[in-house]
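K.L.:
Let me begin by handing over the structure; questions about it come next.
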Amino acid sequence: MATIPSHALRHLTLTRPWLRKISRTTSLAFSSQDPLLTYPDNSNNNDTDHTKKTTNSKSQAFFPKKNQVLELECESLAFKGKGVCKVADSGFVLLCDNALPGERFIGRVSRKKGSYAEVTKLKTLSPHRDLVDAPCGYASYCGGCKTQNLSYEAQLQAKEQQVRELVIHVGKLSDKNLDFECIMKPIVPCDVQFHYRNKMEFSFGTQKWLPKELLHEKLDGNDNYALGLHAPGYFDKILNVDKCLLQSEPANKILATVQDNWKDPELGLSPYNVHSHTGFLKHLVLRTGRDMKTDLPELMVNFVTSSYKPEMLKPLVEKISAIPEVVSIMNNVNTSVGNTSVGEEEYTLYGKSTITESLRGLTFQISANSFFQTNTHQAEVLYKLIEDCAGLRGDASEIVLDLFCGTGTVGLTLAKKAKHVYGYEVVAQAVADAHRNAKLNGISNTTFLQGDLNKIDENFGKHFPKPDIVISDPNRPGMHMKLIKFLLKLKAPKIVYVSCNPATCARDIDYLCHGVMEQNIKGCYKLKSIQPVDMFPHTPHIECVCLLELC
């Protein structure tokens, strides 16, 4: 769900106006204008050789048609990093990938989706403000670092503004409120803007993605094989990557070693073909941890293959294990036709089966498929904010309910001040990891249970006492209405909502604070603070820590 602030658009190639009513949603546009709008019909859609400017008449509001060519100006970013433009009079929204604030460009309307349309950028007329040189040669292609050529200060501003607009228009918190500036905190930047990811997943493929200027080149056999990242919009084409600036330098050494050797015909290795479902190599997953004794990096290499053939991997294992930082080489075997990197079986090819990392003074063991915060450095900042919002007294008298607890990292960091922590998580392996991490750190006042929080019934809540503090850290879809109803009935004094999707976060805050009139549900909480955190520089992702207190 994306939120769109106001923007400007010059609309071209118009012929005759017509009427159309658009359904509006607060998640797509915040325009307060009448939805009965006047739009043009374009009798010459396919003419992309030239554009015509329209008169800026306030008596007409124009609607772009599919394949129409427009001159646009992007003034902000929506969720997932799409650039946003808006028809000046109608408020109709257009989203464009790889467009950044202040950039003027020519674009073609590629798809209409009712209350908004998508645009493909054809040509940049003038670059965006705050332009910087992207240090990564893949930045304009891979889709992972969409804003790398936008100054970091501008990235932060765009993310903070996005959260602000969502809180106002979806969360229904008035910016006229005298307390608004105290509630809406400035975004916390990330001090480390490159090499911050402790996990990267690369894919093997039989079809190498090429930019348009190289499509004339014919690639045969091994030349068409690739190891890297999926090209945006393609499940079967791989952008070959030799180095990624988001992962650690030792991880890049491993990637380079694999790239130098895996296509050697003498090894007989083949990438998995997603069409014919043949081939051996599926994914290369690299994880970076830390040796607790030396404080030096230690790395795990995980080959995901379609079958178990350790003799096929032996030459690669020998070369990779010579890299000093490598302490673990795993093989996950995934026989399904899907694209997951989690295997049905797991084997240790070299070294140990886990690596370690430290967070908030605790030690965590990380297996090949464990969930762990991807940016360890910024996770320290995030968890400190969560602790501060929780505000535990430290006298071991309070009960904490940790929803969507994952491997227990948040709950375990709070346990030292709590009477007891109860955690719920749907993934069985994550619950097992939580128990293991509690034992590893000598923590005995935690209980971690497996359960789907989207499918709770009237019996949920009978297995733990009423909590003083609820921690909720849902995935991107946010909390299910069943869980929101439970929380409103539970009436815990304090909820700390941790979100990786500010749009669904704002929606859930609205429900908890203002209720749902259509379902006769009354809200009973007040938002005390919302703190955006930049966990992943150069990407569109935003984390938020919100504190809600019972009214």
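Cβ atoms are placed via backbone N, Cα and C, with glycine included.
Note: TrEMBL annotation is automatic and uncurated.
When I checked TrEMBL for this same protein, it listed these features:
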- CYS500: active site, nucleophile (ACT_SITE)
- GLN373, PHE404, GLU425, ASP473: S-adenosyl-L-methionine binding site (BINDING)
K.L.:
Taking the Cα atoms as reference points, how far is GLU425 (S-adenosyl-L-methionine binding site) from CYS500 (active site, nucleophile) in Å?
P.N.:
17
K.L.:
Which binding-site residues (GLN373, PHE404, ASP473) fall within 10 Å of CYS500 (active site, nucleophile) by Cα distance?
P.N.:
ASP473
K.L.:
CB neighbours of PHE404 (S-adenosyl-L-methionine binding site) within 10 A?
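P.N.:
The answer is 20 other Cβ atoms.
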K.L.:
Compute the centroid of the Cβ atoms of GLN373, PHE404, GLU425, ASP473, then list the same-chain residues not in that set whose Cβ lies within 8 Å of it, in sequence order, for the S-adenosyl-L-methionine site.
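P.N.:
Same chain, not in GLN373, PHE404, GLU425, ASP473, Cβ within 8 Å: PHE371, ASP402, CYS405, GLY406, THR407, THR409, VAL410, PRO474, VAL498.
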K.L.:
Please find, for GLN373, PHE404, GLU425, ASP473 as listed binding S-adenosyl-L-methionine, the greatest distance between any two Cα atoms, in Å.
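P.N.:
Max span of the S-adenosyl-L-methionine binding residues, Cα based, is 16 Å.
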K.L.:
Would you say which of the binding-site residues GLU425, ASP473 has the most Cβ atoms within 10 Å of its own Cβ?
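P.N.:
Per the Cβ count, the most surrounded site is GLU425.
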K.L.:
Using Cβ atoms only, which residues of the same chain lie under 8 Å from GLN373 (S-adenosyl-L-methionine binding site) while being at least 6 residues apart in sequence?
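P.N.:
Sequence-distant Cβ neighbours: LEU359, ALA379, LEU382, THR409, MET535.
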K.L.:
Using a 10 Å cut-off, grab the number of neighbouring Cβ atoms around the Cβ of CYS500 (active site, nucleophile), all chains included.
P.N.:
17
